[in-house]
Amino acid sequence: MFSTKQVVLSSLLFISSIYTSNVNGKNLSVFGAFFGSPNDNDNAREHCCSPRNKFHLTSFSSGCDLQKEVECLRAECKKSKECCNVVSLCSGLSECEYVEKTCDAIKQYYQKQAINTDVKITLVLKWIYKCMNTTSRAKLAVFTAHAIFNTSAFACLEAEGTWKYRSRGLLAIQGEKNYGLLTSYSRNRENFKECPHRLADLNCDVISVTVDWWYRNVGKCCKDYFGSLEILKPTEWTALKKNCADRESARRLENRRRLYEILVRCYE
């Protein structure tokens, strides 16, 4: 006769064998797809994406020999021409999701009905997604909220005035020091210090160097939206910190926060 302990142990081993399969010589657990394991790495946990199922993947590729299917979140595999053999569930956004959901957020905030047909906005969002090089909903939401609010949905990229180093670009970057940093980050050796007006150009190279500036000066120091305000110091935030905010500053600060919250809801 088997003891109760032996019966329980045998049952657990049996269940484990059902929910675990071998892929490319590596044991892969369905539960591990949800929760991960200490042996996981970022590449191993990349999201599967079937070319036949652009938005949802309800069945795995032939290389994913699993006994039970797990509903995948929408995301694109980094290997564009093949589905990864390791199944995982990520909470990130694919490029398609990011663009679609961000356009929805812009439409909600600005109350524009035809925002999804705006080719310019779609193209800029694709550039932002590629340059950000992350699928993190949280990171994308913070950066995108500031970029959209600062530029009125990419329509205004330069502040009024005559100061050479006035606010420009997606993040309303200003000051001679910051323009010098942008120059040092530029992969194309663009001299933003000598030609600061270039920061108001809306192209992939400018977005790339702007994202570099973000990661080096904001992203590494803050963990959330309010932390980013402390570093970016938009005029309305600075006025609030100095206890000299007027009604307009308060309104702008509230609108900036509201846009961020709309993005967060759309990304859920």
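Placement of Cβ uses the backbone N, Cα and C atoms for every residue, glycine included.
As recorded in Swiss-Prot, the features of this protein are as follows:
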type	residues	note
CARBOHYD	Asn27	N-linked glycosylation site
CARBOHYD	Asn133	N-linked glycosylation site
CARBOHYD	Asn150	N-linked glycosylation site
MOTIF	77-82	motif 'HBM'
SIGNAL	1-25	signal peptide
(request) Please compare the glycosylation sites Asn133, Asn150 by how many other CB atoms fall within 10 Å of each one's CB, and tell me which has the fewest. (result) Asn133
(request) Restricting to the motif 'HBM' (77-82), report the mean pLDDT as a whole number. (result) 31
(message) Check the DSSP secondary structure of Asn150 (N-linked glycosylation site), expressed as helix, strand or coil.
(response) helix
(request) Name the secondary structure element type, per DSSP in three states, that contains Asn133 (N-linked glycosylation site). (result) coil
(request) Express the distance between the Cα positions of Asn133 (N-linked glycosylation site) and Asn150 (N-linked glycosylation site) as a whole number of Å. (result) 21
